[in-house]
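Structure, as structure tokens:
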């Protein structure tokens with residue numbers, strides 16, 4: 001009898017370990033900045049074997065492009081921060097957890113939220129690698145060689161050192177999609193649909209960065225006159241990328257696998273999603289209450305806006321459970337005056353503010 005219980009316990013432990021392994025992600029590079037060793041130390045473990053969350057294919061790319069790894073981590077961090085900004089007033093607010101999965105079990109569900117997270121993190125890598133190329137931080141790329149835009153005025157020069165979107169896009173595609181492409185699933189399985197979903201949303205994120213990049217120009221001339229302009233390709237502010245993908249989140253398409261193993265739209269009356277749209281295969285879990293099986297952290301203790309009727313309002317954020325009120329003291333600069341020459345002097349003002357948190 002004891003042997004039976006021991007066997008069952010070991011089986012459960014192995015299953016839990018397997019879930020943890022599968023849930024680990026390259027996103028974890030955002031939580032622990034990658035340090036490239038300046039010199040090789042005899043007996044030291046290779047860098048790539050020490051990095052958590054990398055798939056076999058990603059480890060191979062790491063070995064070939066070690067100098068890229070800090071920027072992959074930087075891109076993931078940029079994506080996570082933007083995700084948290086975009087969802088700061090939602091029940092699910094892109095919270096991270098303290099393990100290699102970064103977002104916990106909630107990413108094991110193929111929901112709209114998962115779709116956004118995959119897209120914004122892939123976008124972050126394109127952003128970081130493209131800029132690193134321009135700044136001369138990587139050994140295999142440099143300034144952009146993008147063709148001159150057709151709508152650029154004839155007398156403006158196309159040159160300078162632009163962000164290398166072409167390289168950033170290609171490398172992000174190879175690295176981020178490596179985990180998905182090396183998976184082998186039974187045709188028609190749920191796992192197969194998740195892989196297709198992830199690849200689609202990764203691509204949507206990358207294309208958003210690529211498509212939003214635009215020409216930036218600098219004037220040249222005597223006494224600041226703009227008799228000549230030099231222009232180059234420049235990344236859009238990442239907030240624009242986040243705003244665009246948040247709109248795509250709101251209009252994301254519900255998908256299912258067809259008999260041929262392809263993702264098709266559940267509601268065929270709508271236009272099929274393009275490569276710029278987000279797709280999902282599962283309905284979102286209930287984010288109102290904490291649930292370890294789905295990874296939902298719930299909204300208990302979240303700040304809410306008593307006067308808002310939107311998602312940040314106490315009625316919706318607290319899911320009808322009610323809220324508690326407390327007072328906080330806030331200090332800010334006030335009564336600022338400019339003094340000649342040349343500084344601004346301010347006083348400090350304090351006020352007592354009512355705040356509300358979900359029960």
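A Cβ is built for glycine as well, from the same backbone N, Cα and C atoms used for every other residue.
What Swiss-Prot records for this protein:
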- 1-20: signal peptide (SIGNAL)
- 83-94: disulfide bond (DISULFID)
- 93: N-linked glycosylation site (CARBOHYD)
- 99: N-linked glycosylation site (CARBOHYD)
- 133-141: disulfide bond (DISULFID)
- 143-161: disulfide bond (DISULFID)
- 217-231: disulfide bond (DISULFID)
- 219-226: disulfide bond (DISULFID)
- 223: O-palmitoleoyl serine (LIPID)
- 288-319: disulfide bond (DISULFID)
- 291: N-linked glycosylation site (CARBOHYD)
- 304-314: disulfide bond (DISULFID)
- 305: N-linked glycosylation site (CARBOHYD)
- 318-358: disulfide bond (DISULFID)
- 334-349: disulfide bond (DISULFID)
- 336-346: disulfide bond (DISULFID)
- 341-342: disulfide bond (DISULFID)
All-chain count of other Cβ atoms within 10 Å of residue 217 (disulfide bond): 17
Pairwise Cα distance for residue 226 (disulfide bond)/residue 304 (disulfide bond) [Å, integer]: 50
Subset of disulfide-bonded residues (231, 318, 319, 349) lying within 10 A of residue 161 (disulfide bond), CA to CA, in sequence order: 231
Local Cβ density at residue 288 (disulfide bond) - other Cβ atoms counted within 10 Å: 18
Between residue 231 (disulfide bond) and residue 219 (disulfide bond): CA-CA distance (Å): 9
Disulfide-bonded residues compared (219, 231, 319, 349) - highest count of Cβ atoms within 10 Å: 231
Using Cα positions only, nearest of the disulfide-bonded residues to residue 304 (disulfide bond) (94, 334, 341): 94
DSSP three-state assignment for residue 143 (disulfide bond): coil
